[in-house]
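Listed in TrEMBL for this protein:
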- 10-270: domain 'Protein kinase' (DOMAIN)
- K40: ATP binding site (BINDING)
Amino acid sequence: MESQILNSKYKIISQIGKGGMSFVYTAEHITLKRKFAIKKLADHLTHAPGFKERFQKEGLAQAQLQHDNIVQVVDSFEDEDSFYLVMDYINGESLDNKIKRLGKLPQNDAINYVQDILDALNYAHERKIIHRDIKPSNIIISEQNKAKLLDFGIAIMIGDVRLTSTGMNIGTPLYMSPEQINKPKSVDHRSDVYSVGIVLYEMLTGKIPFDGETDYSIKEQHVNKPVPPPKEINPGISQELNTIIMKALEKILTIVLEDVAIFLNILMLH
């Protein structure tokens, strides 16, 4: 796609990412001479009845999510039967790569990043938007060392398609909440709390609490297996922070941290 012009105004520079749901490119606006990131949704996910209408509606909704810790969607369009989201280009490193490079993160950095993520989620949840696919690869650490959350739009658009056409869960099993596994059509904001807890756990230990050879095995552990306390893996984690993480990862909704605002307030007092 290099040098291709999309929507008569975006010149593709290079591909910078690829996954099961999308391809990501850098592009330059041919008039503004400004760099953007463009996400092309995988064609096999965009053919379900009603997807085009959902894409247009949710693309507009995502463009209205304006927050310092959310990567801004600035445009959405269809071009030759493919669907694209245009986002601000952020110079930085994915949290996924940062964890792989460092093994685990300093406690203060991990807390600061999670506070950024929770601040973004609190803003979105107040507007009745649940992310449903929080994971390190959907978080960018900017050159200013701030965490920015990606892909609200895809979680909603493709989530609707998957749930209505195939019954599949939206989300990544390694970071998926028990309720997202058991009742994918009725998840609420508490599912995002659990996923953030997994991300914080991984930042502090360099490991995820549950792994396995199959998606089914991982999901079964999220639903039924107790979470190994992160302090057992990294003794340097404070007991208070260990308790906060374990509370976020409770499997019983009535005793889990109620919402991201509470999670954020507890961390700020830590």
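Glycine residues also receive a Cβ, built from the backbone N, Cα and C atoms like all the rest.
Per-residue confidence over the domain 'Protein kinase' (10-270) averages 86 (mean pLDDT, predicted model). According to DSSP, K40 (ATP binding site) sits within a strand segment. Cβ neighbours of the residue listed as 'ATP binding site' (same chain, under 8 Å, six or more residues apart in sequence): S22, F23, V24, Y25, S82, F83, Y84.
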